[in-house]
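Trainee: Please read through the structure below; I'll follow up with questions.
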Amino acid sequence: MEYNAYVCLIWVLTVLATVPNFFVGSLEYDPRVYSCTFAQTVSSSYTITVVVIHFIVPITVVTFCYLRIWILVIQVRRKVKSETKPRMKQSDFRNFLTMFVVFVIFAFCWAPLNLIGLAVAINPKEVAPKIPEWLFVLSYFMAYFNSCLNAVIYGLLNQNFRKEYKRILMSLWMPRLFFQEVSRGGTECPKSKPSPALNNNDQMRTDTV
């Protein structure tokens, strides 16, 4: 139930973040990227608000949280004696490293587009014409390429994702072998756990003997 609630909350927040664009009129077709995207020159105040809420606030909050975690780890390691120092589990370290890398990649990919939007919002008439087209296109595709990189990061740093990726690739390149292994796994499971009826019959045979 909690997972379903979180998924619903994410969708609600996504819709709420998109709705104001229809009232401001900031969604326009941009021939530079061949798609309908957020127009940074429509409303300076709205562009600044979007940059602050969608980029600056999340980056600030996550950076603060990571700094607090790092400071807490250092304080704990200083207080605890070296012979009784608890070691971090490899799985916990992997999870921490994965989330940190995801955060760094997010900041790196989305920073150029948001900085351009902030500069354009401050002075649209002078700044917007001076921004090269290639720079805007590069920053635009960097931002949306971040979603693709997340899958790669999880595949490299998370064992479960890596295992499932191998299964997917195996099903695509060698479907016959993949389905044979799946069928073997399905037929071997019942053999490892005999039914209670068989155990009762065996017990009755030993009793009669």
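Glycine is treated like the rest: Cβ placed from N, Cα and C.
In case it's useful when we look at the structure, here is the feature table from TrEMBL:
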- 1-154: domain 'G-protein coupled receptors family 1 profile' (DOMAIN)
- 186-209: region 'Disordered' (REGION)
- 7-26: transmembrane segment (TRANSMEM)
- 46-74: transmembrane segment (TRANSMEM)
- 95-122: transmembrane segment (TRANSMEM)
- 134-157: transmembrane segment (TRANSMEM)
Trainee: Looking only at the domain 'G-protein coupled receptors family 1 profile' (1-154), what is the mean pLDDT?
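Mentor: Over the domain 'G-protein coupled receptors family 1 profile' (1-154), the predicted model scores a mean pLDDT of 86.
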Trainee: In terms of Cβ proximity under 8 Å, which residues at least six beyond the ends of the transmembrane segment (134-157) contact it?
Mentor: 32-33, 37, 94, 97-98, 101-102, 105-106, 109-110, 112-113, 116, 165
Trainee: Do any residues of this chain, six or more beyond the ends of the transmembrane segment (7-26), have a C-beta under 8 angstroms from a C-beta of it, and if so which?
Mentor: 38-39, 42-43, 46-47, 53-54
